[in-house]
Amino acid sequence: MSRIKDLQKNLFGGTTSNVRQFGMIFTLVAIVLLFEIWTGGLTLTSGNLIAVVSQYSYILILAIGMLMVIVAGHIDLSVGSVAAFTGIVVAKAMQEFSIPWPLGIALGLAVGAVIGAWQGFWVAYVGVPAFIVTLAGMLLFRGGNQYIGNADTVPVLDGFRTIGAGFLPEVGPDTGYNNLTLLLGLAACLGVVWREWKTRQTRRTMNADVAPMWITVLRLAVMLGVIVFATLRFASGRVGTSLPISGIILIVLVLGYSYYTRHTIGGRHIYAVGGNARAAELSGVKLKRVNFLVMMNMSVLAALAGMIFVARSSASGPQDGLSWELDAIAAVFIGGAAVSGGLGTISGSIVGGLVMALLNNGLQLEGVGSDMVQIIKGLVLLLAVAFDVYNKSQDRFSIIGSLMRPFSRGAPTAPAGEPRPAPDSDKARVAG
Amino acid sequence: MRKFLTRSLAVTGAVALLALSAACAGEREGATGAATGDSTSAAKGFAADALIGVALPSKTSENWVLAGDLFTDGLKQAGFKSDVQYAGASTTVADQQSQISAMVTKGAKVIVIGATDAAQLATQVTQAKQSGATVIAYDRLITNTPSVDYYIAFDNFKVGQLQGQALLDGMKAKKPNGPWTVELFSGSPDDNNSGVFFNGAMDVLKPLIDKGDLVVGSGQKDIKQTAIQGWKAENAQQRMDSLLTSTYNGNKTLDGVLSPNDTLARAIITSVKGAGKPIPVVTGQDSEAESVKSIVAGEQYSTINKDTRKLVAETVDMIKALQQGKTPEINDTKSYDNGVKVVPAYLLPPVIVTKANVAEAYANDPKLAPLTK
């Protein structure tokens, strides 16, 4: 096997074609480099990276939930409204009943869960298409936001603002860096090395192909390099700043949900349902339950995203959440999910979201107006998906094509065999 | 295999070195940032060709578009580099937040903000302040943060008072003796100015309402009832339609409508015309071209001339003073409390415009003057 093929096969995740995802990561790197040069080095400054993470973490959190919804073959248009509704409920509750802010967060998540159960009920047990249920939800909860808030802007407590505008504290000796961020980076490095080693072990015990040593080392080098770079950048921001708390919440969610969707039965059921609902049901997947949980989960994440935005904005306002659903959906599709369901990864969506975020940020740094930014983002979304469709029709390079085949043979759990999930989630972790 | 190993080790080393060197290049910004972060930075001034950021709301009214153009030209003439940004039409608040962050990253020395939602910018404004920039709230006062340095606007309470007075004058001219029946409208509840306009107008109207000379036909006197979400014409038209159906369905006449701005005034007039009623006295504000035409035609009664040219010119003067390290001119240090501190303000006087003085008021305005002939 030639070394190039080795690389392609092993470096960017798995033996199945991950070219699309590789393509997106490549695009992301290209965008970063392009803007880094164009803006004269502003893109990768600590201040800007910190700003980007805290600005887009809530969209990326939505993208996690949206990916699962889309993989299951649904769509959720109500996330922005649910976020705004939760935001105003929490802000009002804290203002009028002066409940402490941790309780406010719990209340917000509970509100999200109740809304999610409501939408999940209609989708899963009554069988109304998710498009309709969430379109109704979009109106319902937007109206609810205005009804409760009197279309007013309600400020929130300083403590609450931690989840959206907070940073890790400065502790320990003066190293010239934020020490806690350094520790997180170190933990990330160790985690990556440990998992790489563990993967090799597993493959060896299973008598599978073990990637050549040089590939492992190269991959580790790239990943560690990125992690070290990101860590030092985030740790060297203005005193009092660090990796934002919202970024940490995002990373935890990305790791958790990546594991869930890749390595647990419940997670694989989502893919099975989205690939072929009937086949999945016949093979014993509890269809209704999966649909219900996916929709409910989305609303809980939307509630969290709403609270993070409110915390960052220091107040809940009537314009919160407007067109968030579109940003989240765009991130998921740019990240390689299929419109028909059954395909897509959390890490892909995060990369897709980051492409949009960095594009937005870079254009804003260049002083490009919001009108042009929207035009460019629209074109990027169209081209990213068109690229995949084209490749599929040419019968090459298509992650969709290569993964759909097992489905059409009626083997719903087949795509579970993406054996090398590792590098992608790491990209997300670094970027997050 | 050994060859691979050595090669890969070399690569590892190279990448690690690269990452380290890239990181070491970035000294922690706080070391210098903390020193200049406090208010003394304003007193020192800054480079004459520094970057000035201007963040404006979405292009929903002529005024903002004009202001943006004037800022671009004015700052250029003054020798500054400028970055003028409008928030997007659909994601206004989030857009403006990230635009302000981008300006901070680019090292803007002064950031002028026409807020989309004045209560949701605390994080970004604080970030700007900590980076050493001076923050000027333009037209809308940014609330709930100690990090706003100055506020520049037309005297909005005065605007309200003028509107209230114009409403009375207009009705007296048509019907010398009361009681007069009126309806009240106010601006978007998320705009800090809406309440200021309304309170200014009520400052004039309230005594007459209490005396019974003025009757609010629908009884809707509370600002929560009169507010028009998003300053949107369609919402004002809807409310006026409902008022006409609920309150003025018989031969009950409506003498006047207090409208906070021109867009809403025209929507109100459209609604009244649609119902086939005589047009009442309707106030306005902003000197929009359509409303100036309407005043000349005798439909809308009044508008307010808040010359955006003057406001932008004053703002640019303020920036010039800051650049030289001087304290900019301030004429109000106690009225504008944003919830955390009283923001020093520079207020410009507004001018009421009716059919009587319309030609004179816009004589110097290249766009509006031809409309008054």
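Even glycines carry a Cβ here, placed using N, Cα and C.
Feature annotations, courtesy of TrEMBL:
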- A:421-432: compositional bias 'Basic and acidic residues' (COMPBIAS)
- A:410-432: region 'Disordered' (REGION)
- A:21-38: transmembrane segment (TRANSMEM)
- A:58-91: transmembrane segment (TRANSMEM)
- A:103-125: transmembrane segment (TRANSMEM)
- A:176-194: transmembrane segment (TRANSMEM)
- A:214-235: transmembrane segment (TRANSMEM)
- A:241-260: transmembrane segment (TRANSMEM)
- A:292-311: transmembrane segment (TRANSMEM)
- A:331-359: transmembrane segment (TRANSMEM)
Legend entry - Sequence-remote partners of the transmembrane segment (A:292-311) [C-beta within less than 8 Å, at least six residues beyond its ends]: 57-59, 61-62, 64-66, 68-69, 72, 74, 76, 78-80, 82-87, 90-91, 104-105, 108-109, 111-113, 115-117, 119-121, 123-125, 130, 133, 156, 160-166, 246, 249, 253, 266, 270, 320-321, 324
Legend entry - Positions whose Cβ lies under 8 angstroms from the transmembrane segment (A:103-125), at least six residues beyond its ends: 74, 76, 78, 82, 85-87, 89-90, 93-94, 133-134, 137, 141, 156-157, 160, 163, 287-304, 306-307
Legend entry - Which of A:21-38, A:58-91, A:176-194, A:241-260 contacts the transmembrane segment (A:331-359) most, counting Cβ pairs under 8 Å: A:58-91
Inset, instruction - Six or more residues out from either end of the transmembrane segment (A:58-91), which same-chain residues have a Cβ under 8 Å from its Cβ atoms? - result: 104-105, 107-108, 111-112, 115, 119, 123, 129-131, 133-142, 144-145, 148-149, 154-156, 160, 164, 246, 249-250, 253-254, 257, 261, 270-271, 273-274, 277, 290-291, 294-295, 297-310, 312, 315-316, 318, 320-325, 327-329, 331-333, 335, 337, 339-346, 348-350, 352-354, 356-357, 432
